[in-house]
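See structure below.
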């Protein structure tokens, strides 16, 4: 039973609607438009919303959308056929009204389609009943039932007898087939000293192995003796070994020399820095995030190399362009297939996950199929432009994270703004936490860093070093004696959720604006650590949960994000579990133009990339520029 079937234009005008139940179809259809059609995620023609499954079809020629909704627990095999039949009949019946393509004509048009739809629905349901699933075979109809019971009873010695018979038969076949080759095979047996003839077949496997082992020792025994003698002769040479060189700046292994730590507690001022502050800070405005620039030095050389080649073959290029012109016809799958295959391979080469590259190309195909092209448009340029628009739309997801605005809103409510960082091991959570701390300090907000990585050795010391450097860059003297950055730590082996709770309470009492919670790196398959992370997020309810991921990964990015979100949902004790709110993309300066990880992460989560890490200094933090990333992605 169908819940609803609706037909509307891409401009938002509902042309016709069928209601199978009393519930309104507005909510599910709006969710489909918001989450799939506007986000360019049309690779799959199915969408699930709460208890409903929605299937849809796009008519790009007349700018129409056909949507059917039914209960998720039902398996309706005739839905695809029904959508195709309704699409074909509706388009043919009201072609003249639709071709005018004006909102007024569509509003004034009368689309009396109820009787036709009920007839098509009845035919589709009857066709599905005709193709009913075949019944299972009974035991009496199987071949096993025809065998007598005595033939299925096995005794202990029967299997070995059968194997022996089979071996004898195989041996007889081999002897019969190897008639002319028998003299050649007898030669090596004579050389090895084994008896030739039928006696050789009667030897057991152990005797054959023993004889071959003796032959091997006779042949190679001399070589073994030589090698043993040579190894003995090398022993006295090791006595006269040269002493290792001691370097002047090599340092020593004394405990007193290697211990650089100083006893510090929460709230104590740190010692002055001996490093150069400008090297630590980096260049550029710290308080304002610059847009990401994906252009490389190779681009200029590439453009210079292409200019002379363009002048050589102007005539050939002109004829090649004329061959690819579409010429005012509607695009079909066959026209786009070769171009989409090249686009898919290109995206995979640029580090986009393979599954997502396939879904993107499928979405572009659904978007362009049936669309009428202009006279001077090529298939390649049309597909490329549609793919670029889809990629830009993906990198600009539904919700935009504005941390500065949210922090000021939390200040008005007199509470700290809490950000939790999570991710796998070694992606740069602590380093980028320090960069974000510097950015917040440059914007005049005080920061409390909560050291909740109580597992990795050196994690607290790393954050303590960052806090000392940030204090040197923003000393209390510049801010009227107010401490702008401070580390809250309780050592190792403690409960991370408890430390985060104490840090938030400490920040509220001391008047800190922002709490940045650093967590331990964990693999997405580690269930105990994922449970601990879900507990930390559930207990402390942070304002923002940021997933820190590398720009180097390809398919692994999809696996990490899916399993992190699934683990947070499974291990959470709340009724509506808290999932990842945004992404921090690190090590972006190491990948040149292979920027596909950004597409993979945003496509999977529908969450924005809030920050991009591009270096080692505190100023190496950027905001994502969607058009620059897509330009780098589409670059050949």
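Including glycine, each Cβ sits where the backbone N, Cα and C put it.
Automated prediction, rather than curation, is the source of TrEMBL annotations.
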Original post:
Out of 279-314, 315-350, 351-386, which range is noted as region 'Disordered' by TrEMBL?
Top reply: 279-314
Original post:
So which range, 31-61, 62-92, 93-123, 217-247, gets flagged region 'Disordered' in TrEMBL?
Top reply: 217-247
Original post:
How many of the residues that make up the compositional bias 'Basic and acidic residues' (137-146) does DSSP mark as helix, as strand and as coil?
Top reply: 7 helix, 0 strand, 3 coil
Subject >> Confidence summary (mean pLDDT) of the domain 'SRP54-type proteins GTP-binding' (608-621) >> reply: 90
**OP:** Work out, from DSSP, the number of helix, strand and coil residues along the domain 'SRP54-type proteins GTP-binding' (608-621).
**Re:** 0 helix, 6 strand, 8 coil
